[in-house]
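Inspection log for the structure reproduced underneath, given as structure tokens.
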Amino acid sequence: MVKAVTVLNSSEGVTGTVYFTQEGDGPTTVTGNLSGLKPGLHGFHVHALGDTTNGCMSTGPHFNPVGKEHGAPGDENRHAGDLGNITVGEDGTAAINIVDKQIPLTGPHSIIGRAVVVHSDPDDLGRGGHELSKSTGNAGGRVACGIIGLQG
């Protein structure tokens, strides 16, 4: 089993830890908890770069190794990094539990060294009709991020 972790922090007070596990060539399981977010839905994505030299802005676009349009996690046509939305409760916390086949921890399309980004607004899953729907899901600004690293 391969394990990875990212610790998310932001100047806006968002904190949390997200864990990734993958058994063999199976899907990757994503679990964790975040706090300090406004209640509601927030876009949750793997971005292409593990670069935070300019905060979350330098993490690049959504991880998209095969050049597809933005979509929902269950769509065939989606960026690999499109993990949909997380739901934040009235207390500002979110529990994450995602199983996804397009974010492996090994191989040529591994997400190790890339970034997880939490956005300020809901991801419209490519269906919002906004000019940004097919590229970012119109999910708004980047409120927290962290680099995905291997875990022992």
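We number each residue from 1, going along the chain as drawn.
A Cβ is built for glycine as well, from the same backbone N, Cα and C atoms used for every other residue.
Computed from a predicted structure; not experimentally measured.
Swiss-Prot annotations:
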- H45, H47, H62, H119: Cu cation binding site (BINDING)
- H62, H70, H79, D82: Zn(2+) binding site (BINDING)
- C56-C145: disulfide bond (DISULFID)
- N9: N-linked glycosylation site (CARBOHYD)
- N33: N-linked glycosylation site (CARBOHYD)
- N85: N-linked glycosylation site (CARBOHYD)
8 Å Cβ shell about H62, H70, H79, D82 centroid, Zn(2+) site members excluded: H45, F63, N64, K68, E69, G71, R78, A80, G81, G126, S135, T136, G137
Distance check against C145 (disulfide bond) for the recorded positions N9, N33, H62, H70, H79, H119, keeping those with Cα within 10 Å: N9, H119
Cα-to-Cα gap, H62 (Cu cation binding site) vs H79 (Zn(2+) binding site), nearest whole Å: 7
DSSP-derived structure type at N9 (N-linked glycosylation site), helix or strand or else coil: strand
Tertiary neighbours of N33 (N-linked glycosylation site) (same chain, Cβ under 8 Å, six or more apart): G16, T17, T93, A94, A95, I96
Listed in sequence order, residues with CB under 8 A of H45 (Cu cation binding site) and six or more positions away: H62, F63, H79, G81, D82, L83, V116, V117, H119, D123, G137, A139
Sorted by sequence, non-H45, H47, H62, H119 residues with Cβ within 8 Å of centre, Cu cation: G43, F44, V46, T59, P61, F63, G81, D82, V117, T136, A139, R142
Using Cα positions only, nearest of the recorded positions to N85 (N-linked glycosylation site) (N9, H47, C56): H47
Secondary-structure category, per DSSP, in which N85 (N-linked glycosylation site) falls: strand
Distance, C56 (disulfide bond) to N9 (N-linked glycosylation site) (CA atoms, angstrom): 10
